[in-house]
Amino acid sequence: MDHPNREKDERQRTTKGMPGRSGHGSRPSSSASSGVLMVGPNFRVGKKIGCGNFGELRLGKNLYTNEYVAIKLEPIKSRAPQLHLEYRFYKQLGSAAEGLPQVYYFGPCGKYNAMVLELLGPSLEDLFDLCDRTFTLKTVLMIAIQLISRMEYVHSKNLIYRDVKPENFLIGRQGNKKDHVIHIIDFGLAKEYIDPETKKHIPYREHKSLTGTARYMSINTHLGKEQSRRDDLEALGHMFMYFLRGSLPWQGLKADTLKERYQKIGDTKRNTPVEVLCENFPEEMATYLRYVRRLDFFERPDYDYLRTIFTELFEKKGYTFDYAYDWVGRPIPTPVGSVHVDSGTSAITRDSHVHRDRPSQQALRNQASSDRRGEWEIQPSRQTNTSYLTSHLAADRHGGSVQVVSSTNGELNVDDPTGAHSNAPITAQAEVEVVEEAKCCCFFKRKRKKTAQRHK
């Protein structure tokens with residue numbers, strides 16, 4: 001009964017222009033009689049791989065190229081829409097720079113706005129779990145050198161990021177030539193620090209509401225000061241120490257209210273000397289943090305100096321920048337199983353450094369990983385074809401950190417790794433639930449309707 005309609009839809013799709021990239025002005029998505037949900041003329045919507053208060057993250061497929069993509073869906077009537085702003089920032093950043101995902105399309109999808117992005121690999125938080133929640137110095141330095149460059153590029157486009165956390169930095173898909181590159185994603189909380197009209201730096205202000213992730217945000221952000229370039233770099237420094245130490249001194253603090261908890265995190269951060277935070281690690285880690293914390297609000301950071309701190313330490317240790325991260329040789333979690341990263345295929349060896357084994361972290365890692373990943377568990381390594389899927393959860397997970405957002409800056413994302421078929425309804429937002437420390441304070445409950453719905 002549906003064959004004529006399906007054939008008509010296929011003919012319509014094949015008569016369109018460029019196969020890969022659809023512009024903002026392309027026709028709205030359609031749902032064929034078969035129940036297939038489309039975003040624009042090219043992209044078929046698949047199962048849900050993440051959700052949060054922004055809407056949902058779905059797996060998608062480009063019907064022209066047969067490539068998998070990630071599709072972010074946000075209700076058009078969202079209380080604090082951010083998807084179009086994020087799309088605008090991606091366009092402002094451009095697609096030529098290394099370590100930024102390709103953006104293929106933005107447009108309506110029924111009652112939702114949709115943004116189609118390149119599907120990347122797992123986040124640094126996923127990989128941190130995989131490596132028993134500690135990274136070696138070599139891996140952290142290779143990450144740090146790349147992320148200083150990513151942040152320099154973002155800042156060069158007159159944007160500050162304001163959302164540093166391991167979940168927002170992803171490696172490329174395994175088997176892809178960019179699988180070793182650390183990507184930066186999710187610009188929903190970004191802000192222009194250069195006024196587009198006056199071309200001047202935004203003014204210094206105080207009494208600002210918190211924006212970002214409390215675990216990593218700068219001390220000045222806790223104090224209510226307007227963020228600038230210095231704050232992105234300080235947050236990176238906190239994340240680097242998180243990777244080296246396995247945790248930060250201000251994690252796990254108890255308080256009666258969220259406001260009190262944020263206050264305690266900020267107080268502990270201020271009262272922890274850099275020397276104590278970086279104790280038992282190379283002095284260069286402390287040098288980095290001291291420098292970024294002393295920057296003036298308007299000051300342009302010396303990115304070359306910061307990179308040099310870490311590159312010289314890297315060379316002093318005798319490391320080779322071969323991208324032999326700690327996760328190389330381990331099975332990488334994907335939506336359909338796992339992919340074993342074979343270091344032999346890329347001539348990368350792990351002999352240049354020894355992974356620090358911390359058995360005491362194992363039970364904690366297993367529990368935390370199972371709580372957060374759900375069905376995204378690592379299965380025994382097996383052969384897969386070149387079209388295997390990798391996780392794209394970094395924009396939608398919190399990794400145990402308390403997350404805060406200004407009401408004027410959009411909404412935050414959290415992962416619900418429950419798979420869904422392409423004809424499953426995209427559920428609306430429900431109530432906010434405050435959960436324990438291991439979760440996010442902005443977690444949104446989802447109730448799936450029993451009866452299937454179609455977008456008209």
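The backbone N, Cα and C atoms fix where each Cβ goes, and this holds for glycine too.
Database features, via Swiss-Prot:
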type	residues	note
ACT_SITE	Asp163	active site, proton acceptor
BINDING	Ile49, Gly50, Cys51, Gly52, Asn53, Phe54, Gly55, Glu56, Leu57, Lys72	ATP binding site
COMPBIAS	1-13	compositional bias 'Basic and acidic residues'
COMPBIAS	17-35	compositional bias 'Low complexity'
COMPBIAS	350-359	compositional bias 'Basic and acidic residues'
COMPBIAS	360-369	compositional bias 'Polar residues'
DOMAIN	43-314	domain 'Protein kinase'
REGION	1-35	region 'Disordered'
REGION	349-382	region 'Disordered'
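Between Gly55 (ATP binding site) and the residue listed as 'active site, proton acceptor', the C-alpha separation comes to 18 Å.
Its own atom aside, the Cβ of Ile49 (ATP binding site) has 26 Cβ atoms within 10 angstroms in the protein chains shown. Taking the Cα atom of each, Cys51 (ATP binding site) and the residue listed as 'active site, proton acceptor' are about 18 angstrom apart. Of the recorded residues, Ile49 (ATP binding site) and Asp163 (active site, proton acceptor) place their C-alpha atoms 21 Å from one another. Cβ contacts within 10 Å of Leu57 (ATP binding site), excluding its own Cβ and spanning all protein chains shown: 24. The Cβ of the residue listed as 'active site, proton acceptor' lies under 8 Å from the Cβ of Asp186, Phe187, Gly188, Leu189, Ala190, Thr211, Gly212, Thr213, each on the same chain and at least six residues away in sequence. A 10 Å cutoff on Cβ-Cβ distances gives Cys51 (ATP binding site) a total of 24 other Cβ atoms nearby, all chains included.
The residue listed as 'active site, proton acceptor' falls within neither a helix nor a strand when secondary structure is assigned with DSSP, and so counts as coil. Summarised as a single figure, the pLDDT of the domain 'Protein kinase' (43-314) averages 96.
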